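These notes concern the structure reproduced below.
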């Protein structure tokens with residue numbers, strides 16, 4: 001009797017595991033993991049490939065980043081509109097195939113360039129090699145646009161339909177997706193980096209191309225299974241509206257009286273009706289103007305959304321140098337941090353990012369979604385105070401006497417140092433040249449690391465609030481944007497994010513030297529603060545000022561004070 005009960009319990013446990021691993025939810029996670037792993041490998045590798053191709057110069061990488069940001073900024077609304085107006089499975093499959101085929105093709109071209117670079121350089125005075133560079137950046141940009149369409153489709157639409165009416169399930173799925181992103185952000189570049197280190201760039205290109213070829217087939221199958229297991233994905237609001245309009249027109253035609261006079265008019269149409277039909281036919285000029293109208297309508301619709309201020313708040317967080325991108329990494333090198341230490345710090349940031357996803361689910365359950373954004377915003381700003389303090393601590397290179405627009409390269413050519421030579425745990429020794437009185441004497445000075453330590457402590461700790469806030473705004477957009485506008489609204493949101501990200505790169509270009517990095521930190525914290533002020537204004541308008549102080553649950557808020565949180 002006992003053994004039979006144990007077998008039933010074991011069978012029940014195995015059965016529940018089997019049901020979960022074959023559920024649409026798990027299959028969506030698996031598909032996203034494969035897609036994100038390939039994306040992270042490619043984004044890391046293409047920057048390294050472009051640097052190596054152009055003789056260890058950042059020019060091609062900068063051009064690639066500018067083209068990618070500009071393309072999403074201009075075409076984000078059009079991509080979202082295309083997602084809205086087509087069937088879900090068609091959009092997902094098309095974006096998946098275009099993205100992976102573009103990466104495969106780009107990898108093959110890179111392999112050819114690496115193998116025959118010297119021959120291409122001598123052909124037509126180097127114009128063939130330049131054409132290859134243009135082709136690589138163009139195809140890579142197409143892959144990024146397709147990746148944007150995939151992200152809008154899966155992370156902003158499919159996940160909402162799979163979650164159904166359950167907001168807690170939607171929050172858990174959003175958090176799991178972010179955890180997958182955090183892990184792949186660290187593990188995927190490490191994997192492809194090892195292949196490129198112990199192999200060669202050619203082997204790296206071949207590996208990424210092969211991965212995308214195999215992954216494309218697996219992801220294609222997984223998306224099809226998710227689509228089969230979720231019948232609601234086959235029904236789309238935009239398509240339903242079009243079908244109802246067609247049915248109404250057909251019904252009107254069927255109910256019209258068929259008299260002799262009517263049959264005579266059928267044979268000979270009224271000139272006014274013919275002229276009206278000709279006016280309704282799209283002209284060449286109107287077709288050319290369609291993308292511009294979509295761009296305008298998308299931004300107007302985005303502005304009119306009830307969660308507009310929340311979306312703007314998220315976009316303002318992109319105007320910052322306080323992240324683990326190439327800018328902060330480059331600054332860390334000038335302050336004497338080694339590559340191994342930076343990799344440890346990046347791993348710590350991934351851990352705090354995962355902690356932020358856990359904090360989001362807990363806070364949303366205890367305090368409600370909107371107040372979760374308030375608490376996470378305060379947490380992020382509190383941690384960033386450490387970054388502000390670091391600007392004025394010993395060891396900070398902030399020097400207002402040095403022009404922020406001065407080019408570091410010219411100072412390097414004059415003999416001034418831009419990076420340290422010796423490092424110890426408590427202090428950093430840098431070499432500097434004393435050129436006073438015409439002498440050229442080398443001396444060393446000890447630079448405390450308290451400033452850079454506070455900076456990275458603040459950046460790493462702030463990731464908890466950052467990712468909790470990101471998930472809050474993501475779910476607000478999912479719940480409050482109607483189904484027929486999810487694509488175009490999220491496309492405009494991506495454009496806003498890229499616009500602020502582009503502005504932060506321009507800010508760095510205008511003030512590139514380490515002495516001005518402290519000013520960039522202060523500007524970044526100011527933009528983050530402005531973003532959270534916008535979110536506070538959104539929460540105040542949504543919940544009411546009295547609810548921000550008292551501990552009422554959002555479910556107790558009168559219906560007229562709540563945002564439209566319908567998931568479907």
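Yeah, the Cβs are placed from backbone N, Cα and C, and that goes for glycine too.
Predicted automatically and left uncurated, TrEMBL annotations should be read as such.
Counting residues 6+ beyond its ends, the transmembrane segment (58-83) has Cβ neighbours under 8 Å at 46-47, 50-51, 91, 133, 137, 140-141, 144-145, 148-149, 152-153, 157, 291, 294-295, 297-299, 486-495, 498-499, 501-502, 505 in the same chain. According to TrEMBL, the transmembrane segment annotation covers 58-83 (among others).
Annotated transmembrane segment per TrEMBL: 95-115 (among others), in sequence order. Sequence-distant neighbours of the transmembrane segment (95-115) (same chain, 6+ residues past either end, Cβ-Cβ under 8 Å): 35, 38, 42, 46, 49, 53, 129, 132, 135-136, 139-140, 142-143, 146-147, 149-150, 153, 200-202, 205-206, 208-209, 212-213, 215-216, 219-220, 223.
Under the heading transmembrane segment, TrEMBL lists 127-146 (among others). Listed by sequence, the residues of this chain that lie at least six past the ends of the transmembrane segment (127-146) yet keep a Cβ under 8 A from its Cβ atoms are 42, 46, 50, 53-54, 60, 63-64, 67-68, 71-72, 75, 79, 95-96, 98-99, 102-103, 105-106, 109-110, 112-113, 117, 120-121.
Annotation source TrEMBL lists transmembrane segment at 302-321 (among others). Counting only same-chain residues 6+ beyond the ends of the transmembrane segment (302-321), those with a CB under 8 A from a CB of the stretch are 327-328, 331, 373, 377, 466, 469-470, 472-473, 476-477, 480-481, 488-489, 492-493, 496-501, 503-504, 507-508, 517, 520-521, 524-525, 527-528, 530-532, 534-535, 537-538, 541-542, 563-564.
Within its own chain, the transmembrane segment (341-363) is flanked in space by residues 171-172, 174-176, 178-179, 182-183, 185-186, 324, 329, 332-333, 371-372, 375-376, 456, 459-461, 463-468, 471-472, which lie at least six positions past its ends and keep a Cβ under 8 Å from the stretch. Among the features that TrEMBL reports, transmembrane segment is placed at 341-363 (among others).
Positions annotated as transmembrane segment by TrEMBL: 375-393 (among others).
Marked as transmembrane segment by TrEMBL: 449-473 (among others). Remote same-chain residues near the transmembrane segment (449-473) are listed as 171, 174-175, 178, 182, 307, 310-311, 313-314, 317, 322-324, 328, 332, 335-337, 345, 348-349, 352-353, 355-357, 359-360, 363-364, 369-370, 372-373, 375-387, 389-391, 393-396, 426-428, 521, 532, 535 (criterion: CB distance under 8 Å, separation of at least six residues from the stretch ends).
Long-range contacts of the transmembrane segment (494-511) within the same chain, counting only residues at least 6 positions beyond its ends with a Cβ under 8 Å from a Cβ of the stretch, are 65-66, 69-70, 72-74, 76-77, 80, 148, 151-152, 302, 311-312, 314-321, 327, 404-405, 517, 519-520, 523-524, 527. Sequence annotations record features per position, and here TrEMBL assigns transmembrane segment to 494-511 (among others).
Proximity of distant same-chain residues to the transmembrane segment (517-536), defined by a Cβ-Cβ separation under 8 Å and at least 6 residues beyond the stretch ends, is recorded for 309-310, 312-317, 319-322, 331, 373-374, 377-378, 380-381, 384, 387-388, 390-392, 396-398, 404, 455, 469, 473, 500, 504, 507-508, 511. The transmembrane segment annotation in TrEMBL covers 517-536 (among others).
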